[in-house]
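For reference, TrEMBL has these:
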| type | residues | note |
| --- | --- | --- |
| ACT_SITE | 182 | active site, proton donor |
| ACT_SITE | 265 | active site, nucleophile |
| DOMAIN | 36-359 | domain 'Glycoside hydrolase 35 catalytic' |
| DOMAIN | 407-526 | domain 'Beta-galactosidase 1-like first all-beta' |
| DOMAIN | 576-638 | domain 'Beta-galactosidase galactose-binding' |
| SIGNAL | 1-25 | signal peptide |
């Protein structure tokens with residue numbers, strides 16, 4: 001989302017599935033007399049977003065029960081295309097991606113469902129849910145448009161997805177939806193929207209209720225609404241706005257009598273980027289805003305009811321005035337929602353919203369599910385297993401290593417997420433050289449060494465970042481041979497909202513040394529799936545005395561990103577390396593949720609029992625701990641592997657703590 005997330009459009013199908021009344025002759029959901037109707041009775045949607053892909057499947061039922069206890073009668077969730085088709089024609093519908101099981105679970109709990117099937121979802125999710133292999137198609141396709149190649153990919157995706165959800169439509173006893181999210185703030189390609197409606201009707205029939213959602217402004221509603229296709233237009237707005245003038249405007253974009261007031265994204269909190277303070281919203285103000293809707297028979301969907309976690313590399317990002325003004329989202333997607341990332345409901349916001357929902361709607365208060373226990377597993381010592389450069393041949397598939405005159409993007413290398421190492425050579429001519437990379441997405445660490453045919457302890461030079469510097473001074477090494485240049489690029493998450501969503505990663509321009517373009521590049525895709533085999537490499541290394549000194553890089557400067565860059569560019573860094581630690585759990589009953597505190601670490605990625613729990617970056621914050629759900633753990637030995645990009649904690653340890661430690665204060 002951008003700064004104005006309320007300006008949105010989504011092509012959403014509405015599936016309201018009830019576990020009761022399976023013997024009824026007819027199940028129907030529709031709009032009439034500016035009111036929602038379900039099975040012949042007026043119905044008020046009290047919904048909330050709970051995304052199945054941001055929750056460990058073992059906790060799906062727990063989170064839905066907490067949403068039900070809040071007073072919700074409806075669950076809304078996106079469907080991220082990139083999880084379900086990670087490679088062309090390779091389909092995933094198990095584990096985190098078992099959407100059918102999630103929808104059936106909601107049905108069993110007597111909750112209705114609003115399903116948001118994309119193809120674009122926004123949602124602070126990598127590339128707005130688009131699979132990144134779409135960015136490799138030549139000629140380049142235009143996302144979210146009537147581009148024929150793009151539409152053929154959407155056709156194929158929906159041709160797999162929609163038949164799976166069709167049996168779960170409300171009329172069939174289950175849930176359904178369609179989504180083209182936030183289109184009104186993106187473009188005005190009505191032919192595209194009409195096409196999505198046609199495809200939806202082809203698979204789901206004419207009885208299912210489709211609708212768009214746009215911000216409560218004329219321009220967005222003009223661009224995003226398509227009521228002539230019998231598509232319901234909902235609205236969206238900031239929680240500080242008076243909802244009823246916007247609901248009256250909504251009527252201009254619906255057929256007469258078919259404008260039930262609905263805010264399909266009522267913001268309970270907000271997103272947070274790295275380098276910012278944790279976004280919070282006042283509980284009483286949020287409750288007051290919800291009361292203005294529900295107590296006057298309006299409908300609302302809480303975004304979010306429960307945020308969850310951006311596990312792995314799936315966090316999204318935003319841009320400002322240009323694509324270089326880049327801000328990546330945190331691993332935590334807590335969102336300051338009433339149900340916290342780890343399931344807590346004993347907070348002021350949950351209680352305030354629950355009270356308003358009950359008072360305005362009369363929905364009975366369901367009992368709260370029992371608390372999920374959390375544990376302090378204490379201090380865990382780690383040891384350095386290997387430098388990245390020591391094991392590059394072990395964690396980079398030789399069949400995927402490529403050579404090219406110019407650097408290739410990560411997508412063209414088949415490296416859709418994570419890291420890519422670029423190498424080349426140049427000849428020294430001066431006491432120092434100037435390296436220039438005009439376009440790198442997103443963050444490049446630069447190393448040099450004298451060329452000896454093998455990568456051995458290259459010298460760290462500094463960082464070139466998408467959002468700040470694009471040049472770097474390289475000191476002379478006085479090599480008798482050429483100088484080898486190593487550039488490790490991190491994909492920090494693709495843009496998910498706005499005009500710059502065609503967000504390729506890696507080095508996307510030429511690379512120059514003293515104004516001369518470097519050629520003859522070798523590219524190593526780094527597979528972090530190999531972390532499970534690091535111990536077998538038996539490359540335990542000692543921290544070198546020359547780099548043992550650590551200096552605190554936590555400061556009070558308002559521009560933490562630039563401060564950290566200056567610090568690291570001075571060369572005070574051990575460089576990318578793998579660290580491993582172990583902790584023991586006595587029995588199955590001792591498995592509990594926990595958090596790993598990364599205070600005094602710098603930046604990297606963490607794995608617990610081979611599960612990628614996400615990125616950490618306490619050097620700029622604000623998140624300093626990663627959530628570890630109990631189902632990831634096991635009785636006996638549990639293994640933590642950390643890929644640290646710079647300098648580790650000075651004493652090589654982490655803390656497994658009971659209480660969330662989201663901030664990096666001291």
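Keep in mind that glycine also has a Cβ here, set from the backbone N, Cα and C atoms.
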Local Cβ density at residue 265 (active site, nucleophile) - other Cβ atoms counted within 10 Å: 26
Secondary structure content of the domain 'Beta-galactosidase galactose-binding' (576-638), with strand meaning DSSP E or B: 6 helix, 32 strand, 25 coil
Local confidence of the prediction over the domain 'Beta-galactosidase 1-like first all-beta' (407-526), expressed as mean pLDDT: 94
